[in-house]
Structure formats: structure tokens, C-alpha cells
Amino acid sequence: MKLKDTKSRPKQSSYGKFQTKGIKVVGKWKEVKIDPNMFADGQMDDLVCFEELTDYQLVSPAKNPSSLFSKEAPKRKAQAVSEEEEEEEGESSSPKKKIKLKKSKNVATEGTSTQKEFEVKDPELEAQGDGMVCDDPEAGEMTSENLVQTAPKKKKNKAKKGLEPSQSTAAKVPKKAKTWIPEVHDQKADVSAWKDLFVPRPVLRALSFLGFSAPTPIQVLTLAPAIRDKLDILGAAETGSGKTLAFAIPMIHAVLQWQKRNAAPPPSNTEAPPGETRPEAGAETRSPGKAEAESDALPDDTVIESEALPSDTAAEARAKTGGTVSDQALLFGDDDAGEGPSSLIREKPVPKQNENEEENLDKEQTGNLKQELDDKSATCKTYPKRPLLGLVLTPTRELAVQVKQHIDAVARFTGIKTAILVGGMSTQKQQRMLNRRPEIVVATPGRLWELIKEKHYHLRNLRQLRCLVVDEADRMVEKGHFAELSQLLEMLNDSQYNPKRQTLVFSATLTLVHQAPARILHKKHTKKMDKTAKLDLLMQKIGMRGKPKVIDLTRNEATVETLTETKIHCETDEKDFYLYYFLMQYPGRSLVFANSISCIKRLSGLLKVLDIMPLTLHACMHQKQRLRNLEQFARLEDCVLLATDVAARGLDIPKVQHVIHYQVPRTSEIYVHRSGRTARATNEGLSLMLIGPEDVINFKKIYKTLKKDEDIPLFPVQTKYMDVVKERIRLARQIEKSEYRNFQACLHNSWIEQAAAALEIELEEDMYKGGKADQQEERRRQKQMKVLKKELRHLLSQPLFTESQKTKYPTQSGKPPLLVSAPSKSESALSCLSKQRKKKTKKPKEPQPEQPQPSTSAN
């Protein structure tokens, strides 16, 4: 058999290939003699030859990456060999460090040489780079096939080493969820005021950590009847009064009591039963019986704490991180733990192995993965005593996220697991969260009912539900809203009914009754709705049996005392003027409400043209973007959020200074909840209504329902600045309208062209929106837009609130007087409104003319 000429070997691209893989070829390839008897059976007819390389160098790609990954053409053999010999002579002058190599012998196939596997023991191998040469003479026995196999493994190892810094950082720094809820550090407040309310000891510890030294009125009146007497609660309190903790603490207490009653006894023998694995030492367990066996003399609260919290260290770590990584990843739409570079687990570098060992390792890892999945499924099946114990229903997704965060903060030292089920997020992630069998679930009705219909095993048996909470209940049970909620409540009160279940219902407008529409009042058999009738109807829809405890702390006005209400009467076209004037004159964290999504989109485009970058929040947005905008709005001090009534209920955004009703709400309940986004927790806030001609009817209904004794004051506006404001708004409207029409036309025409191309038909000019695009007309439009934008930029570059100096005589310099900036904007809208009130009260009343008294004459 004729062998291939060995001189043609270096002409192949193997030199550059081996160089990029970390091996520098110094010598020549030599032919390996093969026994001719190996070709007798005819199975090796395709074999050409075997070649071996004995003279080479190990090169680190990190030392000189530019030379290893160079895109230059390969040099000729003679030139390359001469350059390598020169480099070797230059390197031989410097002392070379010998590296001890560990040999790992493998069983070789018959007729082939024994292959050697080397593992570098010197940690300075990567640092030495090109200055290292293998001194072992047996290294030359490595064949070209083995070199090709080991090279990709080295590349994989280097890729792993490159990820190690980020992996170590991700392992040390816990993943932090971005929420609009402010961070609270360990304040260690005095919680003696909570002890008479039967609050569990681990919850008291969390309250001290959060700095809640005293309960609010709604919490004082709710906790004792709910925890001690286990009564159903109908609670109505002002916005920002702490209703979340009023139902979260009784729910946590009910879960802890269930865990105490169903605590498993400790095992008598130390060996694990067959088919089960023994937990490792120091691992966190959820066996409350172990803590109970260790200390039988503890008080009841301490027993509960020990049962729910087997490891204080793990609980404190959970408190610092604010929950597990997977919980936060589920909340905010991030990838699962273990997906992506930020959640990788740092692994030790794997030593080089031959092909057989790599296959065995892959099989072993695959088997371990299957075993882990089987263990997870078995774990879900071996926890029959961890059912769903608490369920919280909320009307909006953002409110559900907030409620879960508050429950986690209070239950951080109890070991209770929570999960959130809302729309707009991955169903698979939420199913994996349910696989952990959380004791408490916070959900919106739609997604919860969807998972119940899919018959998830954690949601199959709701008879063991110990606590049901309906937050913002008046909105949840409104006719025409949340059809899934009525089906869910019907199931809970029929097939899944539990007589021991406790129901807690809360809302800021639970007892507020607004006037029904005229079309309903004119009907014959219409009953007038009052407070008692509304509560009875609510209890009937929710399915509350028995007589619950009603706690009503709302005022007649239904708004908080620290809220300042004001209004501006204007035309519909002038609302943009006053909105822009207010945002420029009184910067801060402002929340603007409108009744429709189209109005929000128009305002967003208009304000962006005016160099105000607002954030938006409405139902048509993606859930990730909604949460991201809320977090950014809470983080920035001077920011504007344009929102529909999605953001009106329950959201606790810190330090919102102004709430502006661009459109008057249709009902008084919506007005109360909108205004409740500011003036929370004894802070002051301002609520401004822009009332147009079409809003007068709704405004009168709200004024009548809230039983206002005094008229809402007018907000002071300095009319001398309105001319400049109107000019800016006029230009901005033209630019925004032109851009919007052009965008809609391009969108429509693009869709038409794609549809025509798919159908292979020709389009006529009248099918295009606005006619077929004319280059000359488009050029003229763009030129006009440039002129308008240039004029608007000139106006925006000048200060808006300025006062000109009026001089009686010509100036000495012969130039017009300079504009003097208006007083600083440190004065807030609240202080400006209070000054106006003081001026009105200080005006002396006009003296009335004295009436002449009738004279009396003596007879």
C-alpha cells in the first residue's frame, strides 16, 4: 500500500488550526510504521497513514491572542520553520520552568499505540505562556488524531475560565429584584404596641426589622378579631392606612397554626427509609417536629417560630436577599435561575479526558439530570401535608406584585413560601413556582382560573384553604368585570367549600355608594342602594356565611385629611396648556390620570416633543414594561407618569407629590382611589382636576357623593406666562399630529404592500392611505417639519418663567433690558395654594350700612 508523502503535510491548514488550539508546531511530522497484517481483513482499506509530531510547544491563547487568531494568510513552510527556530533560540536563553505532568494510562485498542493523558499541576501554566515546553519525551507519542480531540476541550475549558469572574460575582451578590417599593434596612424598632394584638413572634421580629413601631387604626381593630376570634372581616379604611398588613398578618398566623397542628413527629431511627435519601448535614429542612422535639418548654409563639423557621441563618439570608432568586425572576419576567450568564453556577475546571471518559461523563450527567427531575416530581408527590392555605385575589397585576412583596417582608422569619399568579407573564414559570407547593398564593382572577382549569395538582384541592382575601372587593365584584372571579367564588362556596375558612374583604371605598345612572333610576323596580344594601350584596357575591365583623373607618368625604383638593375650569383644548404649565412650574413626582388609552398616547407624544419624557402605564402595554416604568417612576424624583385607571387602585408609590386628573373620573370610587396615590401614611399631597365642559356632570356627581361641605378651591395660575405656553403647545401639536399621521400612513401602506405581495396582485393608488407617496410632496413636508422643530427648539431654549424689567427711560447701553428669571421654583404647589387661601381669609369684610332704628316717642 502506497503511503502519502509526508512532505505535503505542512501545506494543509493544520498549522494554523493547531496554533489557534494552543499547540505550536516546531518540528516535522513523521511517519508511523504500521504492521501490514492489520490490513489483511480488509476493514482498514481507507486508512492512508499515521503521522506523529514529537517537537512542539504548548501555547497559551490568553498570552498573545492577536497572534493566535490572526486572519493573515499562512506562510510558507520554510519561512515558518525558520521563524519558529529563531523564536526557540531566543526563548532558550531564558530559564525554562519544568512542569510536572501527571500520566493517566488508558486501555488502547489493538494495533495502536497507548495514548497518554496529561493534567497540568502547575497553576502558573497560563501565566508562563510561550515560555513553556514539555520536557517529557513520551509526549511525542501523541498522534494527530488525539491532538485534534484535545484541542476543542481546551477551548471549552478556556471559555469556562472566561466566565468564572462573572460566575463568582453572581454567586456572591444575590439577585436583586427591581421594585417600586423602597428598601428597608434593619431598624430594630420597639414593637411592644403590637403584642396585645396576638401577633406571632416571628412576625413581630419582622415588624421590628421593618421599623413598624405602632399599628394603624385599621390594624388595631382588625388583628385581634381576626387572629383571636377568627371572624370574617369586612374592612373599609382610607387609602394608605395599612390594609395590606391588616389581612397579611392573620393569614400568616393561620398558616403557622396549621403547621403547628400538622407537625410530623421526629423519626425514631437514624437511618432513612428505603427509597429515600438522607438529607445532608446543615441542610435546611421544613420539619417543624424537629424544632418541637428540641425544646418542649417553649411558649406557644416560640414553638410556632421554631416550627416555621428551622434554621435562623437561612431565614436571615432570605430576609437580606428579599426572597429567592427564582421568586424574583418570576416576578419581573427574567430568565429562570440557571439560564443565562448571570445565574450560572461556578464550576471547577474539568481536566482533559479522552473520548471514552467524556461519553461516560455525559451519560452520568444525563442520568443525574433525569434522577433530579424524578426527585423533584417525587418531592411534589411526597408533600401531601403542604396544601394551599392562603389565597389573595387582587384586581390588577401591579397590585398583586406589591401585595406579595409586603407579605414576603412580614413573613421573612417564618419560612412560609409565597407565589404570584398574574397574566402577562410566563405560564410555565408560574407552574414551576406552584410545583414548590407554596402556602400562600397572590393572584389575579384570570390567570388563577386558567391554571385551575388546567388542573394543576397544587390547585386541585382548595378545601384546605384556611384564609381567603379579596382586596379592592368593590371593584372585583362589579357587574361586567372579572367573569372568572364569579366562577371561582362559586366553586369555593360549592364543591370546594370549607367551613373553617376565614374570609377577609378590604377596600377604601367598600361603604361608599354613588348615585346610579339615570337610565337605571327611571326603571320601575329599581331599589335605591345604600351602605347596608351594598354590604349585603357584596357578602352574597363573595359567599360569606354568618355575620362578619364590619370595620368602617372612612370619613364622609372618603379622602384622607392630608390631601389638598383643587381644580381648574377650562375649555377642552386648553387642558394641554394648564397641564404643561403645572408640570413646568411645579416639578416633582406627578401622576397624570386619563380615562382612555388613546388620550394617554396622545399626551405622551405631545410631552415628548416638548422635551418632557413621560412614562406610560396602561393595559395594552407588556407586563415587563409596566413594571419597569413603575420602578423608574419611583426611582426618579422629577418624573411624570401618564396612566389609566390600571394604576388607580392599591399601588403604594413613595413620595408622589401631585395627582392630576386630566379627565374627570366617571365615578366617585375611581376619584377616591386616584387621589389616594398621594398623601399616603400621613404625608401631604395635591389632587388637581382639569374640568372641561364635558366633565361638569361627572364633577357634580362626585361632589354630591363625597358630601363636600365647602367648594373645592381654584388653583392659582399666573396668566402672564400663558401666552408663551400657548405658543409652545401650538407648535408641539402641529409636530405631533404630523408625525402621528405619517406613522399611521406608513404602517398601513406597509401592511397593504406585504399583503399584496403575498397575494401577487397590483395595488392601485387609492388603496394607499393618503395616496401614493410623492417624493416632491414628502420633501415639502419634511422641510416644513424642520422649520417647525427649529422654531420650537428656539422657544424651549429660553426660560419659560421670566420677568422683564420695565424702564421709564432708555438704557445706557442702548440695548433692550435683559430678561430676569422668575423667583426660584422651591415653592411647592401646596404652599402656593395655602398662600392664596390666607389672602382670601385676610380680606376684610365690607361694612354694612347701619339701618336707622325706629324712634320711640313718648305719648
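Using the three backbone atoms N, Cα and C, a Cβ is placed for every residue, glycine included.
Keep in mind it's a predicted model, so treat the numbers as computed, not measured.
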When Swiss-Prot is consulted, the range among 192-220, 395-423, 598-626, 627-655 described as motif 'Q motif' turns out to be 192-220
Looking at 135-138, 383-386, 471-474, 739-742, which one does Swiss-Prot call motif 'DEAD box'?
-> 471-474
For the recorded ATP site formed by Ala237, Glu238, Thr239, Gly240, Ser241, Gly242, Lys243, Thr244, name the remaining residues of the chain with Cβ within 8 Å of the site's Cβ center, in chain order.
-> Thr216, Ile218, Ala508
Determine the Cβ neighbour count for Ser241 (ATP binding site): the number of other Cβ atoms within 10 Å of its Cβ.
-> 23
Return the residue, from the listed binding-site residues Thr239, Thr244, with the maximum count of other C-beta atoms within 10 angstroms of its C-beta.
-> Thr239
Write out how many residues of the motif 'DEAD box' (471-474) are helix, how many strand and how many coil, based on DSSP.
-> 2 helix, 1 strand, 1 coil
By a three-class reduction of DSSP, Thr244 (ATP binding site) is assigned helix
Determine the Cβ neighbour count for Glu238 (ATP binding site): the number of other Cβ atoms within 10 Å of its Cβ.
-> 26
What is the pLDDT of the motif 'Q motif' (192-220) when averaged and given as a whole number?
-> 94
Within the same chain, the residues at least 6 apart in sequence whose Cβ is under 8 angstroms from that of Ala237 (ATP binding site) are Thr216, Pro217, Ile218, Lys243, Ala246, Phe506, Ala508, Ile551, Leu553, Thr554
